[in-house]
Amino acid sequence: MTGHNTHWKLWKFIKVLLFSVIFSIIALLLVATVRTFTLDVGSGLHLGKWENTTTISLQLRTQQRQNLLANFKAAIRIPTVSFTETHVNTSALQEFDGLLRSVFPKVFSSSLVRHEVVGNYSHLFTIAGTDADLEPYMLLAHIDVVPANEADGWDAPPFSAQEINGFIYGRGTIDNKQSVMGILQALEYLLEKGYTPRRTFYIGLGHDEEVNGLHGAVNIVKLLKSRGVKLLYVLDEGLAVLDGVISGLDGPAALIGISEKGQTTVKLSVSTSPGHSSMPPRESSIGILASAVRRLEENPMPRLFGYGPERSTFEHLAHKFGLPLRFIMSNLWLFSPLLSRVLERKPDTNAFVRTTTAVTMFNSGVKINIIPSYAEAYVNFRIHSAQTLQEVLELVQSTISDDRVKIEMVNGFDPLPISSHDEQSFGFQIIKKTVLGMFPQLTVAPGICVGNTDSRHYRDITQDIYRFAPSWFKPGDPQRFHGVNERISIQNYEEIVQFYFQLMQNNDIMNLPPPHSSQHEL
């Protein structure tokens, strides 16, 4: 009888346990399902509740279209290449200075605009507003470009600005002369129409962004700091409009960068005794270093998906995916581990999951029959927002775990702070309003820049740095960035001018609408 009672109690316990598990699973699925069909993180804006400041419209005439296109092409034809921090094309930068002065006469002659050359080749414009109580903002772009070689397979010479099927080809068309010329062209049109801003703003054009901005952006910031300038927000290049680039996403999306990954380059070196190849030692400097590099590649940095801005990106986009992706992305609190394992399979999405490891240089040896005494390698890490530079260096040390390998940091910096992007974030909401006002079909989401810009130098004078330009990228276009056949459509360049024209006026809004004004109506 006792045995029977014991079995009965055990069976009762198992039934209760099974019921609890089943109930928990059903509850989880119910919560996840409800969240899937209700999560829609600020997909649009209710424009009726916004203060209306736009009084000037831009209807481009045929002659204006021809002129703005000619101005842009002239900018592309000037090879403002930055090779290294100490080697830039100074004659091209001087020529570019002359171009700006000739094609934007209102900008350089208006009493509202103060122009200063900084660091010999960079430009700072101060556009005076009528209300000194409004905190100023700043628009950034950069004049310099990376090198380009026609022999790499360009369809047109990289500094020809040649038109092919409605596109302008050339280095700088999407990085970043479309913003340089677009910003100044928009300001030129506004000044021609008698525009006076309510809110003071600045325009900063760096000349060495591609080589860290140490003479351009750094000196612009020093000048502004010396004057006690504090900025409401900064808008620089970074992310773009992605149309068909994100697999499974219904419609195009505008991603506004709210942070950048950190970065460090580490030098690994091994020194041993040299020798002749006829009497090789058990281990060589090359072999020891190769083993260290292999350990770094075979043991990637930990998965951190969901602990940085990428979570907000996926949640903002979730409602534009079909099932089952919508179900998964709407419930990252439940599915982050699963999704991270899927994303890490491809290099372009693995960058969202972790700090990436890239072996970029490996040098050793002077002759085929001499065993070298020295070998060195350089490894670049792009640091996830949830990690620090110090944590990465410690993981490198523990992963290699070989005292014979000397580890030195060449350079590095932590991930950039995450800029605000909620309903009361002035900069983010103004940019979003401008994007949706022009392209109501877009979904706008915050994003993370896996590359770096010189906007990081502005951290001391603003809390919010955003990285976006309305360049449209279709499948294959992201590879043109710093690559072969960089190009922009004529229509898209006109849209960029329109975007900045509208953005400057939208920034004259004094206050954002009350919270919870976001609707799904735009």
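From the backbone N, Cα and C atoms, a Cβ is placed for every residue, glycine too.
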Request  = Please state which member of ASP97, ASP155, ASP175, ASP250 Swiss-Prot lists alongside HIS142, ASP236 for binding Zn(2+) 2.
outcome  = ASP175
Request  = Please name which of the recorded positions listed here, ASN89, ASN120, GLU209, GLU210, is nearest in space to ASP236 (Zn(2+) 2 binding site), Cα against Cα.
outcome  = GLU209
Request  = Using a 10 Å cut-off, grab the number of neighbouring Cβ atoms around the Cβ of GLU210 (Zn(2+) 1 binding site), all chains included.
outcome  = 24
Key: The one of HIS142, HIS482 whose CB sees the fewest other CB atoms within 10 Å, among these binding-site residues   = HIS482
Message = I want to verify one value. Collapsing DSSP to three states, which class is ASN89 (N-linked glycosylation site)?
response = coil
Message = Cβ within 8 Å of the Zn(2+) 2 site centroid (HIS142, ASP175, ASP236 excluded): which residues?
response = LEU140, ALA141, ASN176, SER179, GLY206, GLU209, GLU237, GLY238, THR453, ASP454
